[in-house]
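Working notes, beginning with the structure itself.
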Amino acid sequence: MVATGIDPGDDSFSRSLSRCSTVHDSTPPEQKSVSNWVEIDDNDDPQRWPQSEKLKVMIATIGFCILVSGASSSFAVGVSSMVDDLHTSTELGSTALAIFVIGFAIAPMFFAGASEELGRTPMYAITFTIYGAMFLPIGLCSSITGIIISRFIQGLAGSSGSTMVAGTISDLYGSHERGIYMSFFALSTMSSTGITPMVYSFVPLKTSLSVAGSSGKGGWRWIQIIQCIVTACYGIVMVLFLKETRINVIMKKKARRMRKETGDTTIKAHAEVFKPTKKELLQQSLFRPMQYLTQEPIVIAFSFFIGYAWAIFYSFIASITHVFLTLYEDNYGMNQGTVGYVYASIVVGSVFGFLFNYFFQEKFFFQRFNKSRPVEARLGGAMASGIIFPIGAFIYAFTLYPHVHPAGPCVGLTVILTGMFSIYLSSMSYLADCYQANASSALAAIALIRNLTGGVVILVIRQWYDGMGFVWAGLLISLLAVVFATVPIALFFFGKQLRMRSKFAQEIAKMLEDERLAVKQEQFSENPVEIDRRTSMQQVELSRSSSSTIDVNLDTRETYNDNSNYKSDTDKDSQHVQHIFIEIDDKDDPMRWPKYKKMRIAIAAIGFSVFVSASTATFAQGLYQLVTDLDTTTELANVAQGIFVVAFAFPPMLLAGLSEEYGRSKIFLVSYALYTLLHLPIALSTNITGVILGRLFQGLAASTGSTLTAGTIADIYTGYHRALWMSIFAASSPLATGVAPVVYSYVPSNYALHFKGSSGVGGWRWIQIIQMIVAFVWGIVLCLWFRETRVNVIMKKKARRMRKETGDHSLQAEAEQYRMSKHQMFRNSFLRPLKFLLTEPIVAVMSMFIGFAWAVFFSLQASISHVFLTLYSDNYAMTHGSVGFVFIAIIVGTVIGFVFNLYFQEKWFYDKFYPRYSVEARLGSSMISGIVFPIGAFIYAFTTYNFVHWIAPCIAITVIMAGIFPIYYSSMNYLSECYGTTASSALASIAMVRNLTGGCIQFVILQWLDGLGDRFQYALLMIAVMATALAVIPIALFLFGSRIRQRSTYAQAISANESATVAEKD
């Protein structure tokens, strides 16, 4: 446990000091030779803790960061209510909002040094308690002065939730692995400022709390009280999960404990002897950042750049409510509650920025320029985002008109935040590489300017917007953004010269060179056994990092040809126990089950898909009644309609991997139960917020109805039968969206259901109740017919059963011996589809093509009732009931498309062109349908007149659907053959884009149809023109797809594997 004497080359000594501050030897010389140094065990070093322990600490600290970041923006949604309640001025209200951010700027320069020496945990405990307690005086105070003081104290305390989290991550992870965690930390900081206003925006409207001395308009106070309760509850997580992560503090505690237990006062920790003096701590924490800020050109330039970006960020937080209510309160019925949804732009932009930084900066730019410009290679994301940022600012400026739809400036905000996130993260990484051990001082200087500018701009932004006008103020922001965009570009080309002139950078370069020589000298004097041990560990690490990748295909059964990325449940005892692998019988292999059994499973699964698809269409039939019944706006009703489809976009990428490893049946049945039950809160809700949330969660649960059904069919069928059932499954979705409106169209007009708080026009609620009853009945069929189809899960269950019956623990299923790690599962299911979308040209263009087709499909679904009732309610006495029969056109078009694809594509085109054009022979029906689709769109555009018989646009819808189905199905087959075993990732990319576009288009389609000119024809003509332009995609891929695939690393690997397989057979 202890080592006598001082050994400067000792590994534990170097590790202990490497993550501490500048050290000072405080031990008298005569005591140095008799000190017994405490050694660092695995339990003492946070970087060697189990991953589960690290993740607990990460959850606790990043959760604190989310709460703190949310508090900075949630206050903004209640400022106007607070001003009225306290009879104060808008300027003082803005001061209360800004002072919190200013508190962020000051405290970190003191907290950072204290946490380095005294420990993270005490600082977290003290600041978290003060931060949470301050919600009460803010929420109960009757004067603006008390609120400003309390907000300032809360900002001082809450700053540790931002500053110290980065230090905690550095304590837990080495430089080679902390990048992704720092990215998640940055994402949580920015996205939470958008999430909390969405959550709390309706609170001031729906609640009130009267305090003596106020006017009684105290709904804003509940925001603070609710946050106080949430923070107190999260305090339990902090207590349970948080552990000390500073290694010097851990070792000092260990040394004190050992001295107390043994009575040996010579036991010392290195951190007790070699520690910074108070003067050094003050210099590092306070004076050196100021020195950097006044003497270092790189720090000065980035202070201006990031300070400006952060000022814009906080100006949005402070001004969104004012700007959007001023512009859209009359035209779009926006209020203090609904304006909270605008903050979703911040969340979406932050996520896009995170993905852009990960794939462009980390995966491409840094690797491309790392050798030629090792430090400046960190600036790729900042350079690109320096261009994206002003583009978004210009969009925002030129869409701030009352006659422009609110989605316009929301798109601008999203683009701005996409750029801002990458600017922030890549710039921080650049400064860390520039200043190495002194990076904390450079980052502290940037943080000081960033938070000061962010706080100060809040004080004046409202007056600035009102004084200059929204458009001119936005234009000035855009022009300044263009000027500052030159900063990272200039540093990329001239940063090295600037660093050579920097006194600090020269000191760092000398220090790194001395450290390199010392390590080299140490290698010659070390114990050879220790060298061999380290060499073997390095070999193990290299073997792990270079192991080949197993790709999991959702459409094929799992194989175990290469187990290098799988981990064994029995690795620990594999040298002592000879495992016996159990064999797969006919009963265990779903592909060898009887036909009737497989057919029942396929029918049960496709039935779930049918119900889910129907839910997307039937809700639209009751939309007009929902608006009247809940006294809400058409825009919010459209959000409730589209959010169901948007929710489809992301869960499949997570659930697919889980179902591969843990089984289809459990996830299938649980999600079906949730989907069925969530009809009830939707039907019984008395406000639009409840309906939107119910639809969101129902969409998340229902996404398995489409995702896992395809995987289930792939588990039980091969060859022709798989193609047949996949065609039936693909056709079931558009067919259900056509059949369901026909069935339910008369329900809203013939039935009523009254609830307190509604107007009593509740026929739309019966649609949900009837669907729930029908889904419940089908649930019985699902329980009786559906069985587990994943062969690896079946075999693991069989092995467990046999071990229990026989007591022979050597019996193993192959799937137990080799299973995918959670990291690999997450990478394959979530990260790789995003990578495909950004780096694979074929996937990118197909995403645009199918995404547009699906957007048109869902726009038809959402707008048919509106268009046909507007045109034909007078001439042809069309009603909300009879308009349901128009959806028959979708059914007929889907059937025609299905038959066309079956006979033209499968029976003729593929057989004729397959040997010559390889996998591009799958694109035959896509090329033809790419022409049929815009023809139908043009017919639809030119027949939507009230003097034209309504059968004519119905024919057009039929032609459009006859084109969309073959486009969708043959394109999916093409991608499956292009990417082989990685096809699931390509298809997941397409599905994400398809559902996002299909859902988002429903938010705006009615306004777009009504607003783009006086007639529907202009909007529909634009759709037809866009369809014509995109029709060239399958033709281009048919002619040049093979050349594009030759440039794809994935396609080349698949081609090499196929060639190797052919060579083996020969």
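From the backbone N, Cα and C atoms, a Cβ is placed for every residue, glycine too.
As recorded in TrEMBL:
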{"type": "COMPBIAS", "residues": "14-34", "note": "compositional bias 'Polar residues'"}
{"type": "DOMAIN", "residues": "56-499", "note": "domain 'Major facilitator superfamily (MFS) profile'"}
{"type": "DOMAIN", "residues": "600-1045", "note": "domain 'Major facilitator superfamily (MFS) profile'"}
{"type": "REGION", "residues": "1-34", "note": "region 'Disordered'"}
{"type": "TRANSMEM", "residues": "57-80", "note": "transmembrane segment"}
{"type": "TRANSMEM", "residues": "124-149", "note": "transmembrane segment"}
{"type": "TRANSMEM", "residues": "222-242", "note": "transmembrane segment"}
{"type": "TRANSMEM", "residues": "340-360", "note": "transmembrane segment"}
{"type": "TRANSMEM", "residues": "411-431", "note": "transmembrane segment"}
{"type": "TRANSMEM", "residues": "471-494", "note": "transmembrane segment"}
{"type": "TRANSMEM", "residues": "636-655", "note": "transmembrane segment"}
{"type": "TRANSMEM", "residues": "696-717", "note": "transmembrane segment"}
{"type": "TRANSMEM", "residues": "724-746", "note": "transmembrane segment"}
{"type": "TRANSMEM", "residues": "766-786", "note": "transmembrane segment"}
{"type": "TRANSMEM", "residues": "842-864", "note": "transmembrane segment"}
{"type": "TRANSMEM", "residues": "923-942", "note": "transmembrane segment"}
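For the transmembrane segment (696-717), same-chain residues at least 6 beyond its ends with a Cβ under 8 Å from one of its own Cβ atoms are 554-557, 590-591, 593, 598, 601-602, 605-606, 608-609, 611-613, 615, 643-648, 651-652, 655-656, 659-660, 664, 667-668, 671-672, 674-675, 678-679, 682, 725-726, 729, 733, 789-791, 991.
Contacts between the transmembrane segment (636-655) and the transmembrane segment (842-864): present, as 3 or more C-beta pairs lie under 8 angstroms, all at sequence separation of six or more.
Within the chain carrying the transmembrane segment (724-746), a Cβ under 8 angstroms from the stretch's Cβ atoms is held by residues 602, 606, 609-611, 613-618, 620-622, 706, 709-710, 713, 717, 767, 770, 857, 861, 864, 880-885, 887-891, 893-895, 898, 901-902, 961, 964-965, 968-969, 972, all 6 or more beyond its ends.
On the 0 to 100 pLDDT scale, the model's mean across the domain 'Major facilitator superfamily (MFS) profile' (600-1045) is 82.
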